Amino acid sequence: MAGTPQKLGVLMGEKIEHPKIYLSKIAVWLLSTWVGTFIMCGRKSLSRKFPYFQRFSRVSSDKRRQILISWSQSTLFLFKLFYTAIKIFTLLTFFSQVNEKEENISWKAIGYSRPKVNNEEKSSEKLEQFEDEPLSSGVIELSRCRDEAVRKLQKIGIPVSTSTEKASLVIKCDVVVVGSGAGGGVVAGVVAKAGYKVVVLEKGKYVSRNKLSLVEGETMDEMYHQHGVSATQNMDILLLAGSTVGGGTTINWSASIPTPPHVIREWSEEHKLEFFDTKLYHKALDVVCERMGVQSDFDKEGFNNMILRKGCEKLSYPVQNIPRNAPSDHYCGWCSLGCRDGKKKGVTETWLLDLVESGNGAILPQCKATKVIVQTAAGGKKRGAAGGVAFTFEHGTETETGIVEARVTVVACGAICTPPLLTRSGLKNPNIGKNLHLHPVVLGWGYFPEGEGSWPEAERRSYQGGIMTAMSNDVEEETIIQTPSLHPGMFSALMPWVSGRDIKRRLLKYSRTAHIFALARDRGSGVVRSESDVSYKMEESDREKLRKGMERVLRILAAAGAEEIGSQEREGRVLRVKEASEEELERFVKEESRRVLEKVLSSPICSAHQMGSCRMGVHPKHSAVTPKGETWEVEGLYVADSSVFPTALGVNPMVTIQAIAYCTAQSILQALHSNSSI
């Protein structure tokens, strides 16, 4: 694909903020010299002709393949790290980008296409329904005409001063919410509907439905945290999180599962957080599910979920429908790239819509909060008080500073971004940034060839249909089995690479390759030091959960009728199921499930759920926020996102985030009602 080297250079040189990306930059530079190539590649890089030493680009393709494989198997961690980075970044870039004609030369060959959303469709009736999106009237772009932005804010009763000594823009309101995702969106909507003035700051862009490209590369670049290439410090876990108006609810996979009863018991009894077992919390679960239109039916099931369901039924594994915030006829495989018809009821279609329709609030995209303004304690109070948020935004070619002065401040940036904002604001609680849980995931795949009488039917494709409609849940093992959304870029980045020929062969099977994953409710935890510096240590018990989960995944794929099965383990072993005996199948399942977790970076582990990094508790010694969501150190400063979870949840967290945020919003309203001076 033309342009891949240039895009890869921009990605590694400018966009990726990983703390160890400099090592990859050094390695790439070394490989551009003959000395560096010999240092990194050894004798395999030598030529038979004088002067023998040569740059990496001049080494034969077969020798380069051998070198890459040696790095992937090296006992030196830095070689493994570099191999992992290069493999993921290169394949993701190549298979996810499009040219000026909105095409990728590989897509036809691998059986991939996307919905037509280009200029030729803009006159159609289907697109006209997107032209007047209700949320658009409440989104105010500070990067554009300043005067117009000020007028819009003043029109809804929010005072604004420009070019003051404090900042170029000072906005005053009752409540400022940092982050517009599952937590922030709920708080903003509830408080605005109650009659208070609310300003939402969002560091990501606002991409309206009619602007969604549904191109994987463009979407990850615009709507995902750190352009979709975030990872833990050692790159052993890939992190996916939203960074757009609507946050993760805009690009998630629709699963809307209420807090499991056993988790409610654990949090209320073992962690003494009694509010989780109150009428208020149970009401909150009902309210948010009703607001999102959560239901469990489907008219037609997609490729991956059909396979998961059939395999479970054959093996007598428990299998159930997944509640989703989408109607039964929503047969769409692109919701991880945004929902173009608005059927998926994320916060942009629900709670943020409540904010806008109330006439009491506004959403300011591409505004990055730099710190919470904390006023020093006065009048004998032990705690300081939150006075609002300072933020930066681009205006023309300049980076400007703004301030939102507010009676109540809510931080809802997600478990990766909330802790750094709190520490930048001077909070010292040692629990901030700790106790991070990731719901680690390992994946298995099965190939179901297309042909006469094939199942699933020949016209079915792995990337089409509801992303999640079926799951297998093992409460005792604390593991769930579900299906992912994998478009070509992410598919290729996760698949094993053993040669150029082999990866092409795997991609040619893309449209008929099902993926199923095992997700563990992890007891191990990590630390968030900054938005790009996240460390995590998996406990042995979590590895065991994933190992057993992986065994179930491979058995499910085989039982469903896969011709070939395998994992993402780097050696890329494949079992041809129809040719294998039961003993050979069982041996492969056991060995492969062990190998994916045997060594560091032996197989990609993913996380789409980050939680617990500012956990809720009953004492500041063990937690960062109170049961009401307020920080222990600063009055009027609340946290309303997945970072307040006391432990890992064990299921998809959107409903739980929203339910907790709904309760936090009630606490905020109570504070505003009872103390008009705050």
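Just so you know, glycine gets a Cβ as well, placed from its N, Cα and C.
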Which residue range, 26-46, 68-88, is the one TrEMBL calls transmembrane segment?
26-46
How does the model score the domain 'Glucose-methanol-choline oxidoreductase N-terminal' (220-441) in terms of mean pLDDT?
96
Select the most exposed residue of VAL177, VAL187, where exposure means the fewest other Cβ atoms within 10 Å, treating these as the binding-site residues.
VAL187
Between GLY183 (FAD binding site) and HIS609 (active site, proton acceptor), how many Å separate their Cα atoms?
14
At the Cα level, what's the spacing in Å between VAL175 (FAD binding site) and HIS609 (active site, proton acceptor), rounded?
27
Nearest to HIS609 (active site, proton acceptor) by Cα distance: which of the binding-site residues CYS173, GLY179, GLY181, GLY185, VAL187 is it?
GLY181
Hey, of the binding-site residues listed (GLY179, GLY181, GLY183, GLY185), which one tops the CB count within 10 A?
GLY183
